[in-house]
Ligand code: SAH
Ligand code: SF4
Ligand code: F3S
């Protein structure tokens with residue numbers, strides 16, 4: 001019998017890269033590859049790269065330097081190790097990678113992962129292979145689904161890509177160039193994927209897309225369905241107890257999405273809605289095509305539909321021309337909205353984007369200083385948000401054993417990690433947890449006995465309490 005070949009895959013960047021990595025593993029499973037956590041014994045190493053900021057992008061070349069030594073070592077032992085670069089750097093700098101890094105055998109852009117087996121074969125027979133075209137066909141039509149045992153091994157929470165690419169062209173951003181034009185997958189394909197996942201134990205589905213609420217996939221009725229319509233439909237699938245979506249754009253928040261938050265208990269009241277800046281002048285220069293007030297109005301619409309909704313966001317500090325006054329407007333917006341958390345980044349000029357040609361650079365010192373001030377404000381909001389959970393009883397979807405023996409960790413509706421002492425039987429269930437304390441970003445608590453159930457006699461008997469799937 002032929003021994004399985006070993007595949008090691010390392011992903012950088014966003015959730016879509018995490019998901020794509022799984023789909024590449026699925027595609028290569030058919031070729032006899034099994035995943036390995038160690039790079040040293042791998043027959044194939046895939047770097048799934050991110051181009052969003054300079055730092056992310058440069059990691060590729062330093063990682064390739066390290067891999068060269070590992071590949072040489074394998075060769076000394078008579079083993080061939082192949083190295084592939086996938087993801088957004090592959091798309092943006094494919095030929096440069098081939099030129100600069102002879103260690104690389106295959107370069108494959110994000111829309112061509114279904115061609116990986118052919119590209120590997122090509123590299124084996126003809127040297128090296130590069131594919132960064134945007135093929136006419138949809139890769140998802142060709143990527144094999146994961147096997148049931150693979151789904152189970154991946155846990156109870158899963159991403160599903162529903163939309164990919166971006167037509168917004170924010171002036172700082174590479175995504176429209178690396179992921180291509182906006183494409184939505186048809187509803188029936190997504191339903192098939194979600195059903196397969198739910199049938200194999202997945203309880204939480206996060207629909208992902210670079211612009212997920214621009215979703216307009218073809219529905220079974222032949223019409224274009226919105227993200228809201230898709231969510232209503234997916235909430236009906238047995239086993240799906242939590243639904244999320246990411247990342248949204250403030251310009252594409254339709255009424256059906258707001259209504260879905262009002263009507264669907266499975267749709268979690270936590271929305272990542274990046275705004276980037278609170279200054280209208282900067283927002284215009286970024287080509288965001290919304291103002292700070294537009295954004296506040298979108299937030300108000302969500303809050304009117306669902307009182308317990310919370311938000312996270314992304315911010316860029318030091319965009320070209322950002323004045324102290326512009327930055328103050330960002331701080332003011334953050335103060336007004338009140339976030340459960342947010343990511344903030346220093347502006348990084350990206351080759352080929354319009355902002356890279358803008359002259360009025362903010363100095364490195366000013367950027368650093370603004371980043372610290374913004375992060376302090378966001379951290380204080382996040383800490384207050386987390387501390388507010390203490391003493392309350394919240395629903396937790398349990399995911400896996402925690403590091404401490406006997407502890408199981410899950411997540412609240414707001415993705416806060418929550419730890420309880422319990423048996424592993426509760427994994428995959430949503431149970432009410434009385435939150436007792438907060439340790440850094442983690443909540444600690446005890447499973448609350450549902451009011452109608454008899455109180456447990458023995459210390460461990462709460463574990464055997466009939467599972468109470470709430471949130472569905
Ligand atoms: N599609 C999402 C996010 C895309 S990238 C959206 O539209 O919001 C994730 C985040 O990276 C962005 O929200 C932005 O805050 C940040 N980002 C993108 N390009 C950047 C750049 N050139 N410099 C610094 N941060 C950047
Ligand atoms: Fe980038 Fe803007 Fe598209 Fe988001 S909406 S992916 S920030 S171009
Ligand atoms: Fe990075 Fe590409 Fe995602 S640039 S953030 S991996 S879409």
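One-based numbering along the chain as shown.
Here the Cβ of each residue, glycine as well, is placed from N, Cα and C on the backbone.
The annotation [4Fe-4S] cluster 1 binding site is assigned in TrEMBL to 14, 50, 88. Secondary structure at residue 50 ([4Fe-4S] cluster 1 binding site), as computed by DSSP, is coil.
Counting every protein chain shown, the number of other Cβ atoms lying within 10 Å of the Cβ of residue 166 ([4Fe-4S] cluster 2 binding site) is 22. The DSSP secondary structure for residue 166 ([4Fe-4S] cluster 2 binding site) is coil. Sequence annotations record features per position, and here TrEMBL assigns [4Fe-4S] cluster 2 binding site to 166, 170, 173.
What TrEMBL records for 5-125 is domain 'MTTase N-terminal'.
Annotation source TrEMBL lists domain 'Radical SAM core' at 152-384.
Summarising the annotation, TrEMBL assigns domain 'TRAM' to 387-449. Confidence annotation: the domain 'TRAM' (387-449) carries a mean pLDDT of 96 in the model.
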Assigned element (helix, strand, coil) containing residue 88 ([4Fe-4S] cluster 1 binding site), judged by DSSP: helix
[4Fe-4S] cluster 1 site shell beyond 14, 50, 88, criterion: Cβ within 8 Å of Cβ centroid: 12, 13, 16, 17, 49, 51, 52, 56, 87, 175, 178
In sequence order, those binding-site residues of 14, 50, 88, 170 whose CB lies under 6 Å from ligand 2: 170
Binding-site residues whose CB lies under 6 angstroms from ligand 3, from 166, 170, 173: none
Rounded Cα-Cα span from residue 88 ([4Fe-4S] cluster 1 binding site) to residue 166 ([4Fe-4S] cluster 2 binding site), Å: 13
Sorted by sequence, non-166, 170, 173 residues with Cβ within 8 Å of centre, [4Fe-4S] cluster 2: 168, 169, 172, 174, 175, 176, 210
